Amino acid sequence: MKCYNPSAFVPMAVTLVTVVIYLGVFIPLLIIHETVPSAPDDPTLYNGLNLTEAWLDLQSLSDGYHPFNSRKNDDVRNWLLKRIDEILDHNQIQYTTENETADTSDVQLESDFDKDVPESMSGPNNFNDDSVEYHEDLRTRKVSPAVTVFNDLRSNYSSNALTSIGVKGRRLGISTYFEGNNIICYVRGNDDEEGEWWKTGSVNSKGKMHGRGGVMVNAHFDSVSTGFGATDDGVGVVTALQLIRYFTTPENRPQKGFVALFNNGEEDGLYGAKAFLSHPMAKFVHTFLNLEGAGAGGRATLFRSTDTEVTRAYAHAKHPFGTVVSSDGFSSGFVRSETDYVVFRAEGYRGLDVAFWQPRSQYHTDQDDAKHTSIDSLWHMLSASVATTRSLTRDTSNTFVGPRSDDKIGKVSNGKGSDGVWFDIFGTVFAVFRLRTLFAWSLTLLIASPLILFAVSYLLNRQEKFYFFAGSIKSKNPEDEPISLGGWRGAFRFPITLFITSAITFACASLINKINPMIIYSSPYAVWSMSATLFFSVFWFIMAGCNFVRPSALQRGYAFMWMFVFGWILLVVATVYEDRFKISGGYLFVFYEAAIFLATLIAICEQFALPRKSTYIEDSQNDHSDNQDHHHQAVMGTDGANGADEPNADDEAAEEDQEETVNATAFPHETTPLIGGGQPSHRASVSTSFANRYRQVVPESYDGPADHDDKKGHKKHPYGGEQEWSAKLPIWTWLVQYLLVGPFILVILGQVGLFLVAALHQTGTDGSPLFLPYLIVAIFSILLLLPVTPFIHRLTHHMPTFFFLVFIGTLIYNLVAFPFSPNNRYKAYFQQTVDLDTGVNRVTLVGIEQYIRNIITNIPSAAGQSINCEANPRIRSGLSFCSYEGIPPQVVDNVVEGVPPEKGYSDWLSFNVSRVPNENKATFHISGVETRACILRFDDPFSEFKVHGGAKSEERWDDVPDSGSDQIKLWHRDWNKEWVVDVEWAVGEDMKPGDEGRSGRVVCLWSDANKRGVIPALDEAQRFSPQWTSVVKLMDGLVEGSKRRVGELVRVGGWKKGRRDDFSLALGLAFLLAYV
């Protein structure tokens, strides 16, 4: 019975270790990636939190679409104010409310709001619990109440944003005026100033600091017009509510002040967060935690962080999750979407961005509801938020106080932060350290590792034990032929195989991208399996084939050397990016190269066990002489006992056997056959094709090559025809090398690979490059399988055979399968535009043309129409805009039964424009019905604008960029309110002020789709589109209604004037005709 040494470098042991390592790493990784830690069975396990209450709040909050431009948004806002009151009353906290309006500030000393909140959104619990102990210290502080709630109806925002990055040429801006209606809840900390300090001094006072600064948690309570907003951002909102409950519980009283910001208007342009910056409380905030949702459930990940110190607060979470690679994606411009985090970071706050991130197919759709998330996901974000904010509010050091590192005037004085590196391990351990530390490690590794390898190689060479790159050596006897050591055998196998295999892997990814590019949308694991099994199978076939033809004991060592060289080059690039661009994701290559360096060092150091080359040559010559003598004796030996002078048949057979023995044990030289000669092979069967090569007799108890003779004096032979001196190599060092380059490296690489693919595999419907996720899968498949490549030639044939069959199956599936399903729905972007002058309406569906045309064929109102599709990179690059005439909208309730809706279009929007004499300036009066969002769109850029009654422009932003703007977005906090806007444009060459005007359109937006029949074209698209499709909003408004009139006699840049001007014009024309 054979007994294998588990540490011997033989196929059975290598195969077993490979299976154990890869399964032991990837089974936990996949479980963590696909599941969420369970919520505690006791919903009140943590004092001050109530998970059941939070879940009921989420269900109430996500009971309908509530975009900023909808009546439901007001219901949600009033519900939030009521819930804050109920929480504070439940904790019996003395608090005040400040109803801040544009003109006055009314302060109430108790919560006595009587808001119109729908019954369905009433609070889930009765908070008048007599069992709650009354805490006098919190209710009656010296001067000030413990909590202040700001009902902010005063803060406004005015600025600009440049148009799409994908547009070539000079980019124009989109100017914006926004009236905010945020809710701010301030919980006073023990170290905070007493009194209403926020009322002292100017809002824009420079460098003013109150106490030791505050900690803010931000969440937006508006949703998109086609999503219920459960995770975007309902979970964040109810988490902030629970944090108010937590910090107003006496045992959890914060040392530093805590601010909960419920901002409104994030989905349309981060407007709520920008409006907050003009509020007095903005100067109090030093650190923040932004809660977001870019998926629908799963784990909440740490998207990004401003610095190392604030990230250490997140490390206190029980189940941390995230990697700095995601932060690098944003900072490098690779990810172009943004959250409120970018607003607060630009203001100088130090903080974190925590968000849900998958599945993206449910993001902004009607599946972003409580049914498609879970209480476990809610708990994951809530528990991480509590741990983070508790750490920040208890930090009384100077970490977040003091002069800034950038010395920028006007920013909060919140200390000096350092760029950081962070990542989790199995969702349990969180590593955080400074980027400068990583840079020091990188630089040290770049310099020290090659020097150490060269130094050890030099010592080996001095001792005549460096067998790498060793050729033929002449013996002391000049008559003897040079003896080959075989040191170059296998030197270039690894790079050639890696190049060929990688090229085939990328070619396969390109093939899928060409034939069925969206398959990764619903089947990312099929693509992973295809890519990984292809690389593994091809790599094994080439390396095992080379080893079959010319076995080499140095193949493993050469593989590590090449891996070290390639890794060193990548580390150079990573180090440059760390230093120049502050990119921290290079930690992957630092750990990778460190592990490969140690494995390479072992591969070199194990040659200390080999004999000196000169000694080996002498021993080989002696063995050769002994073998010749033995052979001579076997042939010429006496047969006196038999008295026979002639050899018989048995003697001839014995002679042949002896000759074979001599030939088998003779040292190989130039005349040795390439295949079939050499020493007895002890290699197990690698494959059916190679079976004969390894069917050689070995002792039953053989457990691999040894580095010396066994106890019985039997000489140990090299493995499978490898160089004879390799019999002296240790048999266990491969296992140490495998453990170095295997488990830990696979964990950090596997987590990042799974994270990136999960984040990007469903972005193709957004217009992102379709090949990108396939490229990432191919790259990480290679990186994840590189640790096994130095040992791959010792694997049995069973693994590559099985993997090749898996590759064939997944390849066929990826080529022919339909890429979408009800669980992974394709996103079609919807918008309906109406010309309010002519009554013409067009429905536009945006996406990949192949699938959009498929969807439109199922829509009844589009039947028989010619569908026109064209690109519009200014709005969404990479997608097609396909339009048809749709069912007229009824967003304004002025439709008379039996009368076509378009007859009432003219009443939806009215405007008047007056020209300032002798100036390039005009004043617009705009009114929309059942909307609080309108837009002025110009055909040519303007240089300045001002909204009457608006707040003073912030110095931190320009209302209009240097390139000029061609749009002004106007957002009211009130309904059906008129805008009065002054617009001014530059004087052209050879022109005088007042000689030229501007043409364009006045547009108003409608976004409330809660009631069926209001936007029947949207209802129809959602009802009749295939089950693998979801219809989501394209722009700020689901419906855009616009007016335009060009008349040269009353021209102010082509704008339609009011009715009085139209009447005057008509009267003048009538007199002119009568005269003629």
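Backbone N, Cα and C atoms are what each Cβ position is placed from, and that goes for glycine too.
Around Glu266 (active site, proton acceptor), the same-chain residues at least 6 positions away in sequence with a Cβ under 8 Å from its Cβ are His220, Asp222, Asp233, Gly272, Ala273, Thr339, Asp340. Under the DSSP three-state reduction, Glu266 (active site, proton acceptor) is assigned to coil, being neither helix nor strand. Taken from Swiss-Prot, the feature active site, proton acceptor applies to Glu266.
Counting every protein chain shown, 26 other Cβ atoms lie within 10 Å of the Cβ of Glu292 (Zn(2+) 1 binding site). Residues or ranges marked as Zn(2+) 1 binding site by Swiss-Prot: His220, Asp232, Glu292.
Residues annotated as Zn(2+) 2 binding site in Swiss-Prot, with similarity to another entry given as evidence: Asp232, Glu267, His364. Sequence-distant neighbours of His364 (Zn(2+) 2 binding site) (same chain, 6+ residues apart, CB-CB distance under 8 A): Val224, Thr226, Gly227, Asp232, Lys827, Val1032, Lys1033.
For 621-632, the entry in Swiss-Prot reads compositional bias 'Basic and acidic residues'.
The feature compositional bias 'Acidic residues' is assigned by Swiss-Prot to 647-660.
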Cα-Cα distance linking Glu292 (Zn(2+) 1 binding site) and Glu267 (Zn(2+) 2 binding site), given in Å to the nearest integer: 11
Asp232 (Zn(2+) 1 binding site): secondary structure state under DSSP, collapsed to three categories: helix
Cβ-Cβ neighbours of His220 (Zn(2+) 1 binding site) (radius 10 Å): 30
Binding-site residues compared (Asp232, Glu267) - highest count of Cβ atoms within 10 Å: Asp232
